[in-house]
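Have a look at the structure below, then the notes.
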Amino acid sequence: MTKDSPTPLGGGRASPKKPSSPGPAAAVLEEQRRELEKLRAELEGERARGRSERRRFATQTRQLRESAEQERQQLADHLRSKWEARRLRELRQLQEEVQREREAEIRQLLRWKEAEMRQLQQLLHQERDVVLRQARELQRQLAQELVNRGYCSRSGASEASAAQCRCRLQEVLALLRWETDGEQAARIRHLQAALDVERQLFLKYILEHFRWQPALPGPADPQATHSLEEPPLEAQSNTGGTPKPARRLGSLESLNTGVRVHSPNDLLPTRAGSLESLATAHSCSLDNTLNCSQASESEVRAPATSASIPDTSSPQPPPQLPSIHRKPNDLQKESSENKPCEASTSSPPGLDYQELVRQNSELAEALQVLVRRCCDLREENLHLRRKGFSEEAGEKVKWLKVKHAELTDLAQRLEDRARKLQETNLRAMSAPVPGESLEGLDLSQVFTCQRAQDLSEQAGALQAKDLQIEALRRECHLLQARIAADLGSSSHPEEGATCAQWCNISDLDRLQRESQREVLRLQRQLTLHQSKAGAWADAGRPSTPSEITRHQVQALERELGLQRRECEELSVQAAAAERRYEETEAQLQAALHKGARLSEENARLQALANWMKKMADENSNVSRQQSHTRQRQELEATSLLAEQLLQQEGYAQDRRQQLQHYKNKALSDLRTSGKEMQGLQFQPGHPSETSETTQASESQARDSGRPTFKTKSEERVLPLPTRDIQPPACLSQQENPVIVEEPAAGPQVSDRNSTSQSLDSKPQAKKTSSQSNSSSEVESMWATVPSCLSLDMDTASEVDDLEPDSMSTPLEMRSLEAPIIPKLKLFLARSSYNPFEGPSEHCQGKLPLTAGDYVYVFGDMDEDGFYEGELVNGQRGLVPSNLVEPISGSPILNHLFLKSPDIGPTALPAGHSKVLKKGSLLLGEVQERGLCQVGRVDSKTDMAAESLKTKTEACWLGLKSSLEEQSFSRPLLEAKGAFCLAPMELQLQNVTATSATITWASGSNRYPHVVYLDDEEHILTPSGVNHYTFQGLHPGTCYRVRVGVQLPRDLLQVLWETTSSTLTFDTPLAGPPDPPLDVLVEHHASPGVLVVSWLPVTIDSAGSSNGVQVTGYAVYVDGFKVTEVADATAGNTLLEFSQLQVPLSCQKVSVRTMSLYGESLDSVPAQIPEDFFSCCPFLGAPPFNYTDGNPFPVCHQKLVQASLGAKSSPRGPGNCGEPQAKFLEAFPEEHPRKHLSLSSLSSDGTNSQAQGPTEAWKGYEKDLSFQKSPQNHKPPLLFGQSGVEEGHAPHICISGSPAPGFVHLSSEIGHGKIRCWEKPGLEKALLQNQYAPMVPPHQQGSSQCQPADFHHVFEEKEALCLDSQGTEKPEQRKNKSQNGQRQGTPGSKRECSVLCPAPTNKVIKMTSGSPDQLETDANNPVRVFLALFDHSPLVISVNSEAAEEELAFQKGQLLRVWGSLDLHGFYHGECNGHLGKIPGHLVVEVEVGTQQTDGRWHLPAQGHLLSETQREDLEGLTNSQGSYMPQGNSRTPTLWTPKTMVAALDYDPRDGRAGVQAKGKLVLRAGDVVTVYGPVDDKGFYYGEYGGHRGLVPAHLLDDLPVHGE
């Protein structure tokens, strides 16, 4: 075969067609059917994607609708707020405008009032001036008339002139009275009364002295004369008695003063009218009497005889009565008119001249008395005017009257306006506004109506009286006219007529007086009725006019204030009503605007919905078109593929023929070479093996006569794109041929894909291999090597490969099967794993694990029990199946394939995991076996590194380059970074009433996560942290937790589908507190006393656990309470033998937490030491007890097969060789493990120094004794049973109840004897048990024996040194305290050390400390770490703030570290004099037990080498803080270490079949992994934990978790 003849399909050697193989047509049809199925599957996938797109569009539509609704709501709220602000602003403006208008209106009204007042004052001044001028004129006229009073006595005077004179006098008196009334209203009434009295006296005097008879011809009658003479005497007596009129005047004045009116504004106009009418009536009567008197006087003065007045009176009607406002000009005209009448009147003759002179003189005296009286009255008036009644007071009274009238008018106008406003408001408002009352308005209206009614009644009464007075006045006029007519009708009447005339005159006088009295009485009653409220307290002292005026002013002011307040209230009510009307109108307008806006928004949303619907239709159309196009393309590709297959089939036929030709040629060549070899056999010196080789070649050639070829269906299993693009998969390229060397040439190993060597060479290769692998590993390595043709070999090599090719057909068929899409599963690492610490020498391809890490697993487990997996940080490699557990029901099983489409086409061929697993061997064997060429045709050749640096980087960086070159797809990390950023597997764990813990699987380990609680940012966790615990929650509350990825700014622009996950949970109600942990029962120094210790529950600052207050702890023994401790922080108590109920049968001790709401559940029970009841009270020193129950499943058959029953002698250091050998034979695949080393104790009481770690290790490697300890039995060697020499101090015996799988080790060093327990060396069982979930330790001390670690045993560096007297030396106590601190777990909450020196010293020392104190203690040991990589936090870290706290270091640098890892995965340490944080995944701890080989220090824990310089630095670091002490294992199991079991059946305690008591039981499904604590109780239940919940589980439903490989 030549180089230019490639194989048709690659992957298998071509061979002639078998007779039983199907025809090409059937193969083509089968291929087409498969293609159609594939197309159908793709079509279904496209449909599924279309449905997902539709759902996505529906989700976007809903989001848009929700966002539109939110925007609309925000816009509505914004507009509402703007509208309210605008409404308030407009309302304020309207209020200000109304207030300004009111103020302007009030100012305008005041200006109008002031103008009106000024006008009224001007009018009043004008009227006053006119009245004063008239009064002065009348006074002047009266004086002139009085001076000329003698005109009646003249001879030429007539009766008419006398009457005219009397009329003028009457008018002057009337005008004088009204002048006084104009000046002072009170003085007018006084003068009127006085004038009335004088007028009456004057009239009486006239009537009495002028009753003459008409003149008769006969002589005068003496009786008449006597009668005429008597009146003068009476007149003299009357006129001369001036005191009588004075007294009358005083009485009338006092009467007038007593009835003075207090409210002149109401009664003054009416009174003025009535007084005017009275004055008019009196003036008429006075004029008549004066006329008669003047006539009689003229008759008397006449020289003729006296004649009667009726005879001499003229028949003319009486003259017109003068009016009050008659001017002086009118009086002069009247006087001029009356003069002719007087002249024409003739005096009656017959009277005696002397008599007439005497009468005239008497009349003149009477007139003088009257004149004097008038002068006195005038003087008195002037005196009173000067005394108190000034013009200013009168003007003030008048101004107050006018002001009152104006205010009354204003009040009436305001009432009208208020009534109009109220009517308007009632029309505008349908209902009154609550809180406002109309009481003030109603009271104002009632007050106004009542006042108007009173005024109307008063005015009506006064008008009625005025009408009565007017009627009486008319009667008086009629009577006077009638009298005057009767007197002038006949000049000579008879005596009877005269008597009737005088009788009528007397009746008239009587009627007039009665009418005057009636008027005065009515005025007095009205005045008293109006002035009841203002009556003076002192009735005897009359009120002065000034006080009356002041009281009137005060009353007016009070009334004015009331009216002002009423006006203000009405104004406020009117403004409020107007404001309510405006608000209502504004609300109406706002509602209209809002309705319009909502309609517009609705229209917009409707348009948007229509647009979205249209877009969805268009999208569906486009999707259909795309699907049709894709189907058409697929059909075209299928037809093209069919054509290619037909062509390839023809080519395959040609190839078969060519191969047959090559085969025949090879056979001929083989025969020729056989002949040549036979010829060479007979040559001397040729080895005998040549014949055997020739025979083997001939047999191979004969067997190769039946060549086998894979069928077409098997060849077409490869993916179509791979077959179309890639050439035949042969790792030996034509350009770079590889010559396979002879097996005897050396230990080099050819390519894994090459099968040119025969099967017989495989054992030879295994023999020549220098590696110490087990047979199963080697067989699995060779079984997974895929075969491939090398087209550029010579003919001899092809002939040699014929038979192996036929035998490797099953391998080829398996290697060329269809690459199924790898099944991705999510696993959880149960415990930590470091491949460098294991027995395997090829650990470069294995992944280091940390407990709690998530591992993505591809495919199924291989035959060696390894998975192909990848960590979240991108590292890939092999994962032991016994260290991880699958997460059932994980959504990530299908989530990653949906999110990353590039994972689908990538296939892992069969055995590829082995290529990765065994590829790690190439890195370790590259210097011994040579170069290995691994990769695809189109990839570059990957050369194995020759240095340790290359191997280290390949191990820690996940062999990325090797994975890429070995056809492994790397889309997982990129897919997670691009598609799966949201945290997955968000789960809830450890939910209490006040706290909860969440965990998640990081979608991307490169970015930090933000934890939200109820949609509020709670905390920012750094990258790599996948759990968080909430504290301070409220019991019985629903919380919503969301965990999201915080992306950098450059990635925020990318449209991620989701970057967060949400979880909702409810905290339980504040229930019973949590039970205590780590209950331990130990011996006390006193016999018969037990020490029960526990770890107190975690309480908050308020002293509560699970939401309730903790009060103490109760100790139960087999379910019976024996004692209580009333302390929430107590950690131990003493239990005496007498307190046990049934001492010999008591086994379990449990502790409960007490609270006010009851007790908690039982803690994990602790076993009472079995030797407690059989222990003698006189023992020298009670032993330390530690019970370590670790029931992990082990291979008990192999343990039984081992002969471990030999007993060890007290001092035989070499008696453990044979049992150890037998034990190791039972487990051939295991490697020697390190053992627990304890320093020897001083036997003679002297100070004994502890052995160093190297010496102790060497010593214990030599002195080991194994003893089989069956379960539930005491150890064969107890304290006191071994030979103890006399004189030696008692030893400290560390013993306990043995557990299955433990081997009792007993060794003696010097005189000290130490027993310890070590677990058997079964690796898989050890790994499974170590990484099972278990309770973290909380109690470590000298009283316990640290259990052996599974990879390196925790070595104890200090010994307890006690002298013979039981005392402890200071330096030993110091060393022991430091050792206890180093052994204490950083996360532990309590450290207990029990000192048991001598039997007489019964001392128990308990030390406790918080985690903070342990971590921050200055005595914490210093740990030394080695940097594996360069670290620059400012360049690598995403968070710049966190980068400032990290330390920068270089690869190979030694770092000093204090404490353990924090929650974020960082150490606290020192580098180059700087303190800060150190990432835990970039450093490795340097153990003290390093060994020096060839000038380099080797670290057995990690496989790194240290140079001498680094070794010196290490010694300097450790010596600076004292001798270095390694830290103990942080995962040391406590009492009843949890056991992992699997549920065989479904179990739901809530249904009726499982029983009624469902509380406190777990719900399980078949296959669930349950962590069990403690043994089975008396009811057949385990106490276990599953999914973060704890409860009881039936024991018959659980099975032990099987061990792989058993």
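A Cβ is built for glycine as well, from the same backbone N, Cα and C atoms used for every other residue.
According to Swiss-Prot, of the residues Ser158, Ser274, Ser456, Ser1306, Ser274 is the one noted as phosphoserine. Looking at Ser263, Ser1086, Ser1297, Swiss-Prot tags one of them with phosphoserine, and that residue is Ser263. Matching 41-70, 611-640 against Swiss-Prot, the residues noted as region 'Disordered' span 41-70. Within the same chain, residues 623, 627, 630-631, 634 sit at least 6 positions outside the compositional bias 'Basic and acidic residues' (41-51) and bring their C-beta atoms closer than 8 Å to a C-beta of that stretch. Regional average pLDDT for the domain 'SH3 1' (822-889) in the model is 82. Look at the domain 'SH3 1' (822-889): DSSP puts its residues at 6 helix, 28 strand, 34 coil. The DSSP breakdown of the domain 'Fibronectin type-III 2' (1075-1171), given as helix, strand and coil counts, is 6 helix, 49 strand, 42 coil.
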